[in-house]
Amino acid sequence: MKKILLLLTVLLFTISCGKKETGDSEKKDQTLTFYAGLQEDHAAMVAKEFEKETGIKTNFVRMSSGEVLARLKAEKNNMSASVWYGGPVDAFVAAKEADLIEPYISPEAANIKDGLKDTEGYWTGIYVGYLGFVGNQKMLDEKGLKMPASWADLLKPEYKGEIVVAHPGSSGTAYTMLATLVQLMGEDEAMEYLKKFNGQVRQYTKSGTAPGRMAGQGETTIGITFLHDAIKYKKEGYKDIVISAPSEGTGYEIGGVALLKNGPDQEAAKKFIDWVLTKKVQEMGKTVGSFQFLTNKDAMPPAEADPIKDTKLIKYDFDWAGKNRIRLVERFSTETSTTAPTK
Amino acid sequence: MNNLKLKIDQELKHMKKLTNDPTLFLTIIFSLVVVSFFVLVPLYNVLKESFTFKETFSFENYKNAFGRSGNVAIILNTLKLGFITATLSLIIGFFFAYSTSYMKIKGKKIFDFIAMLPIISPPFVVALSAILLFGRQGLITRGLLGITDFEIYGFHGLVLVQVLSFFPIAYLMLVGLLQGIDPSVEEASRDLGASKLKVFTSVTFPLVIPGIANAFLLVFIQSIADFANPVVIGGNFTTIAVKIYQEGIGNFQLGIATALAMILLSMSISMFVVQRFYINKKSYITVTGKVSRARDLVKDKIVTIPVFITLISLTMFVILMYILIPIGSFVKLWGINYTPTLDHYKYIFDYGMDPIIQTTVLAVIATIITSIFSMILAFLIVRKKFIGKTFIEFTTIMALAIPGTIIGLGYVISYNITYKIPFTDITLIPPLTGTALIIVIAFIIRSLPVGVRSGMSSLQQIDPSIEEAASILGASSSKVFSSVTIPMIKEAFFSGLIYSFARSMTLVSTIIFLISAKWKLLTPTVMDNIDTGRIGIASAYCTILIIIVTTVMITMKIFISKIGVKK
């Protein structure tokens, strides 16, 4: 009798303990929780440094931007994080539309270049990256292929089954590609292009950085990704990596940071946003291999990004891209599914 | 009519007895509440959501799910995968089981050992190894054979990986069955002049057909519910479980996600029902538990040597799959640079310890609760009569057949809101998403069915008269349970402990929906690293995971033998 009562008490206690614990940690001021849309090692380094410098206990979880967006929608009434850090701002615009983020103009934003921050202060840019092609020279040589130099090249029969790209449904990188093509070609032509392109694709990955890695590893001949990610992999030892940018012009991303609506610990969150916009923190990125261009006027871009600074860019409309995200992704999924991979 | 009345009377009598024993009564109520709240409510919400479109009842989601030809292909993909994986796993499992029970072959222990590997290792290990071995830079494909464009991502790779992970289940089921066949049956037919082949086809094989069907359906259910392998190695071959995640979490299309979830659920539940209520009843083997004497094993070298070689090569292959991971965690860049390094571990120690610590802590908590709770449930089901007993039994066991992704999706939909006691302002359950509690609950619900089953089967083997004796001598039912029943089922209790710990540590499908910034878990971290191509770090995490699970397992085994519950 006693024993079983004891068991039940333990059970109940453990359960109520669990509840209390979560309640407590929310009450404790000076903790910060953020969703990271940039690479895991970059986010981990930033979290650690911020904690070291301010004493604010910092948690993060890395997710692709589609996942962050979905999570924010699901948690709308019970937001568990307070900052969204990194990842293309198209997704931030979509979040703004859905009333999931709130404006915060950091004092530090004055040093951020014009055009790289939202005029209403919903998001602020932390870096800029160019979309492009990444190839594996060894694989190209073996197959007697040249590195593709344009969007049109990608449809050539010799590249069939050699291309890896992320899926726009889950990856901000891939959505940047989708939005770039639509802005470049017009929507219907872009969809026609993508339907054909679908037949060339070896695999759609979940995360936008994966194609770069896979090209580096020789798991695929060609990947589509942000070029700074490709540079990172090359630096890590994937020596066969080569990069190129489409001659028609390419899209780019502004990586953003934003304050989540009704998130806990707003004060710590604002402190964090101020801090990540500084020259010092922006320049810290390159220590973990993040070679994007920086948005702070005073920050020195990493030397590694130098070779791509003259890439031909389209006039990418972030606002439009963000507002049309759901619709375009939906259309992409439906139209490419009509030629769904049957293997 | 009279019958019904009699039945009601009986039930009322049981009820009365229960109220005399408040502890028992409370335990039953508690169990009913837990099971309903964390198995049925999420399922109900998934079902409800799947029929809700723009806040009204509608078939729209199903129309969308079937209307898109992509989804139809995905549904067919999933079925095809299930059938082929189950068939191949069965063939290999049967081969292993038959050879070890009917032939004089050494190394039975090794074969039993590989049957355990899939339980203690995270589900990605085989998939990850397959990439290391058969990817474009794979050791075998490229290194050994010089093939440059072998495709491991996709259906073939997935089947390979699933068969290697699931055939041990078939082996374990069949080996027990084959060893349970009384040799005298076969000898009788031999004496009547049947050839060995004839004995096999007309005696042995028919006897194990129900077992084969069982194994087939079990592997089938596992295969279609599998999330980790398709996501890692499926390539463009998408299965329903993966699609549910993509739609639910990637796109926040809950309608389509839930409709697909219901399709998957109906597949696996129907298989489960067939297995449990049709095939299980058709068992031809009279299980007395003991065979009359040892079987004369086949000693003929012409047979045993080739069989042995095949078994050993298959075994070596499986072991190779598992050994590659630790190796992969100590080299710089697989396929490019094989310089030994500790970099990946250094990264984990610098930045990535949270998932390891948090997962272990939560798994330990969940394990303790699961083991106790499942023994209580098993005791109630086997020994007590009460209203709702069949309900508890069916729901807990059925939880086996519910794919993890569906539980995860159900939890996301169900526990993001506050539940209040009707007509009051008292919070019954606060929003649970993002908390550790929801993860612990998910761990418990996922390993409960097996705990309950093992508890039930060991209880069924114990004569209730022992407990009755205690009860007649005046012990209350909690006293009987704690001082008579529990000591008798200790072994099931501890094996349940080990199992639920391993299962919680390696669970992917459910918790992928439940992780948050505060609670990062190991398996999603591994998956993320695989997806972004950090194979070295992923391998290092897997290695640490395997070490933790094995250490806990060995410690438990030593502990059990020390306190002398081992037979």
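Glycine too: its Cβ is placed from the backbone N, Cα and C atoms.
Automatic, uncurated: that is what TrEMBL annotation is.
Taken from TrEMBL, the feature transmembrane segment applies to B:23-44 (among others).
Summarising the annotation, TrEMBL assigns transmembrane segment to B:72-98 (among others).
Per TrEMBL, domain 'ABC transmembrane type-1' is recorded for B:75-273 (among others).
For the transmembrane segment (B:110-135), the residues of the chain that approach it from at least six positions outside its boundaries are 96, 100, 141-142, 150, 152, 157, 160-161, 164-166, 168-169, 171-172, 226, 228-229, 232-233, 311, 315, 318-322, 324-325, 328, 334-335, 499, 502-503, 505-506, 508, 522-523, 526-527, 530, 535, 538-539, 542, 545-546, 549-550, 553, judged by C-beta separation under 8 angstroms. Feature annotation from TrEMBL assigns transmembrane segment to B:110-135 (among others).
What TrEMBL lists as transmembrane segment is B:155-178 (among others).
Here TrEMBL flags B:199-221 (among others) as transmembrane segment.
Packing against the transmembrane segment (B:252-274) from elsewhere in the chain are residues 43, 46-47, 49-50, 52-53, 60-62, 64-65, 71, 74-75, 78-79, 82, 217, 220-221, 224-225, 240-241, 243-245, 398, 400-403, 405-406, 409-410, 413: each is 6 or more residues past its ends and has a CB under 8 Å from a CB in it. The transmembrane segment annotation in TrEMBL covers B:252-274 (among others).
The list of residues near the transmembrane segment (B:302-325) in space but at least 6 beyond its ends in sequence, with Cβ under 8 angstroms from a Cβ of it, reads 92, 95-96, 99-100, 103-107, 110-111, 114, 117, 121, 125-126, 128-130, 132-133, 139, 164, 539, 542-543, 546. Residues or ranges marked as transmembrane segment in TrEMBL: B:302-325 (among others).
Residues annotated as domain 'ABC transmembrane type-1' in TrEMBL: B:356-556 (among others).
Positions annotated as transmembrane segment by TrEMBL: B:356-382 (among others). With a threshold of 8 Å between CB atoms, the same-chain residues lying at least 6 positions outside the transmembrane segment (B:356-382) that come near it are 27-28, 31, 34, 348, 389, 392-393, 396, 436, 439-440, 443-444, 447-448, 451-456, 459-460, 481, 485-486, 489, 492-494, 496-497, 500-501, 504-505, 519-523, 541, 544-545, 548.
Sequence-distant contacts of the transmembrane segment (B:394-414), counting only residues of its own chain at least 6 positions beyond either end whose CB sits under 8 Å from a CB of the stretch, comprise 35-36, 39-43, 45-46, 49, 221, 224-225, 227, 241, 244-245, 248-249, 254, 257-258, 261, 264-265, 268-269, 271-272, 276, 377, 432-433, 438, 441-442, 445-446, 448-450, 452-453, 507-514. The transmembrane segment annotation in TrEMBL covers B:394-414 (among others).
Counting residues 6+ beyond its ends, the transmembrane segment (B:426-445) has Cβ neighbours under 8 Å at 37-39, 358, 362-363, 365-367, 369-370, 373, 399, 407-408, 411-412, 415-420, 500, 503-504, 507, 510-511, 514-516, 518-519, 521 in the same chain. Positions annotated as transmembrane segment by TrEMBL: B:426-445 (among others).
According to TrEMBL, the feature transmembrane segment maps to B:492-515 (among others). Here the transmembrane segment (B:492-515) has long-range neighbours at 119-124, 225-228, 241, 245, 248-249, 359-360, 362-364, 366-368, 370-371, 374-375, 378, 403-405, 407-409, 411-412, 433, 438-439, 442-444, 446-448, 450-451, 454-455, 457-459, 486, 521-524, 527, 545, 548-549, 552-553, 556-557, 560, 565, meaning same-chain residues at least 6 beyond its ends whose C-beta is under 8 angstroms from one of its own.
Marked as transmembrane segment by TrEMBL: B:535-560 (among others).
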Contact between the transmembrane segment (B:199-221) and the transmembrane segment (B:23-44) (3 or more Cβ pairs under 8 Å, separation 6+): no
